[in-house]
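What follows is a short report on a single structure.
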Amino acid sequence: MLGAELADTGLFVRFGALHFAIASVAVLLSALFVLLPFALPRLLAHKNLARAGVAILFLRLGLMLCGTLLDGRSWRNELPFHLCPAALISGSLYFITRRPIFFNLLYFWHFGSFVVVLYPDLTRAHTILYAYLFMLTHCLEPAMVVFSLLHLRERISKRGLQCAVLGFLLLAANALFWNRRLGANYLFISKYPLEILRVIRPFFVYQLLFVSALCLLMLVLYLPFRPSQHGRNQLFVI
């Protein structure tokens, strides 16, 4: 069995059978999360959305505890100082409070989840539960974006973009602070995440390019929502 193989070897092979199986389950559950309100509209009630937000926060907490207590990972690497957990927490807070700023943060920060699902940092994993929680929490980020756009009619704003860029810069400063003290690599801003990136020297040039590229990507993500000449959202102008 795939889970037994993981337990025996402790290895998670990217693009292998286990990767495909776990990612497929996570994608299906996330799709169900988006589609279920069509059959059960009462799920869109504020109290039910708040419960969903709390449940997702507990999923993230479960991932941290599973990683440290069951999978043998360092607690330093499980702290939510990367962009993906920041996006997931923002989305959860949006469901709980329905404040648009939290949705904007989720939207502008969720893009990294696609990369993580395709190229997960799971080369060492000893428990199948951790692998499932890891994939599910990352797949839920784009699912929450689609859910909010489709069912809650939430929209992106210029102010949201500005807050997301400023928030990302604060996250980067926070990551640098804790990376120096904990020897971690939050936001991949203190060490090269891939060997191929070592061609970018000196290192501060890599840091500058990395931060600039993510800010530029947020700007690109805003373009479909910029106001048209008729004052309507461009995403819905035909």
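Each Cβ is built from the backbone N, Cα and C atoms, and glycine gets one as well.
Taken from TrEMBL, the feature transmembrane segment applies to 20-40, 52-73, 79-96, 103-122, 128-149, 161-178, 203-225.
Here the transmembrane segment (20-40) has Cβ contacts under 8 Å with residues 2, 117, 128, 131-132, 135-136, 138-140, 142-144, 146-147, 150-151 of the same chain, all six or more residues outside its ends. By the Cβ criterion (under 8 Å, sequence separation of 6 or more), the transmembrane segment (128-149) is in contact with the transmembrane segment (103-122), since 3+ such pairs are found.
Remote same-chain residues near the transmembrane segment (52-73) are listed as 43, 79-80, 85, 88-89, 91-96, 125-127, 129-130, 133-134, 136-137, 140, 144 (criterion: CB distance under 8 Å, separation of at least six residues from the stretch ends).
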